[in-house]
Amino acid sequence: MKIIVQKFGGTSVSTLEKRKNVIEKIKNSIEKGYKPVVVVSAMGRIGEPYATDTLLSLISEETKKNNKQATDLLMSCGEVISTCVMCSELNSYNIKSVPLTGGQGGIITDNNSGDAEVKELRPNRIFKYLEEGYVPVIAGFQGVSNEGIITTLGRGGSDTSAALIGKALKAEKIEIYTDVDGIMTADPRIVGNASLIEEISYAEVFQFADQGAKVIHPRAVEIAMESGIPLIIKNTVTDCEGTIINSLGCSKNKKLITGITHMKDRVQVTIKGDDNKGNDRYENILDIMAENYISIDLINVFTTEVIFTIGTEDLDKFINIMEKSQIKYIMIKKCSKIAIIGNKIRGVPGVMARIIRALKNENIQVLQTSDSHTTIWCLVRESETVKAINTLHKEFQMYK
Ligand code: ASP
Ligand code: MG
């Protein structure tokens, strides 16, 4: 049996008009010889009657905090309504379908309401319906515990449901339908000629922090990666091919860099040994950060100094701690950490040199760098972010 999992997000199922597109996508896969298994999110966004956040607004903050079981049960209704509406409309197109809650779909979780972990997936019922010629339409984002408690998997969890179901059914692929064409080489608001990434590896997607997480939940990528099933991000309302996420990444074209993303609101801190002679707290600076829950990155430890970055949100806390510990430091506020991502940079000499040269030619000062197998990070001043990203996008010819 050639199985495809098709997951439709909240905006894709929000109106009758959009659900017609959903049905089109399901019909297409049937025509191509697939047995589709559909996973849906709650319909729409806050303000729309059955959206998750609208449902949440029906109960008090107190209940949300102290009665997670009730909160989960309420939230789960959004996806349940969505499955029933979808099935009703599929029926009117003569597509035989059956609505299933997460629990009926075999998603068994622990009792950790609000952020339940999936313990087991029992796909028998889904298989049975597939064999009988039905399209199972499963409520995403939810499961049931062995005690019968309805749980949710954490916000954005419908992607996770789709990935888990795909894995359990050994699906050929998992399509995630949303309101954008896929993952772009850069944020189109920053780079006018940013292009769609046709193919990207699981590992690269994790590096796409913000942009990636907006189109797909990282947990879903992890699950697909474990089972090697390709994930495809697609737009419900266009015929665009979308972005394929698989193990190899870009095999179609030979581009060195897959995409560029950035994180703003970083502060670079430099703490010099010479300025802190006789202060033994200087030696433990990284422990002090950890004890105070200040997350740091781009960490460079030298014999003469320590350099790292913190988030602007931790700045006041950091200044306080430094005063108390009497540690002297220098900082550059308002920095951006630019990530240049590409599976193929591994072992290719000269990539860093090209990046630095390109930025230097534009008079952009690089404050710090770091690198891994798939990514090179450059810290620049926030005011130069747009110029830096555009420069690199052009340097590596990532436009259409
Ligand atoms: N409806 C849920 C949420 O808004 C789950 C999802 O859409 O993935 O978080
Ligand atoms: Mg989502």
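Just so it is clear, glycine is given a Cβ too, placed from its N, Cα and C backbone atoms.
Pulled from TrEMBL:
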BINDING   K7, F8, G9, G10, T178, D179, R189, K214, V215  ATP binding site
BINDING   T52, E79  substrate binding site
DOMAIN    2-235  domain 'Aspartate/glutamate/uridylate kinase'
DOMAIN    333-394  domain 'CASTOR ACT'
Which same-chain residues, if any, lie at least 6 apart from E79 (substrate binding site) yet have Cβ under 8 Å of it:
V40, S41, A42, G102, A139, G140, F141, Q142, S158
Using DSSP reduced to three states, classify R189 (ATP binding site) as helix, strand or coil.
coil
If you check the binding-site residues K7, T52, T178, R189, V215 one by one, which have a CB less than 6 Å away from any atom of ligand 1?
T52
So which of the binding-site residues is most packed in, judged by how many other Cβ atoms lie within 10 Å of its Cβ, out of T52, T178?
T52
Among K7, G9, T52, E79, R189, V215, please name the binding-site residues whose Cβ is nearer than 6 Å to ligand 2.
G9
So what sits near G9 (ATP binding site) in its own chain, CB-to-CB under 8 Å and at least six residues off in sequence?
S41, S158, I176, Y177, T178, D179
What is the interatomic distance between the Cα atoms of K7 (ATP binding site) and T52 (substrate binding site), given in whole Å?
17
Counting Cβ atoms within 10 Å across all protein chains shown, which of the binding-site residues K7, R189 comes out on top?
K7
Between T52 (substrate binding site) and R189 (ATP binding site): CA-CA distance (Å):
28
For V215 (ATP binding site) and T52 (substrate binding site), determine the Cα separation and express it in whole Å.
18
So if I draw a 10 Å sphere around the Cβ of V215 (ATP binding site), how many other Cβ atoms end up inside it?
22
When DSSP is mapped onto helix/strand/coil, what comes out for E79 (substrate binding site)?
helix
Look up G9 (ATP binding site) in the DSSP assignment and reduce it to helix, strand or coil.
coil
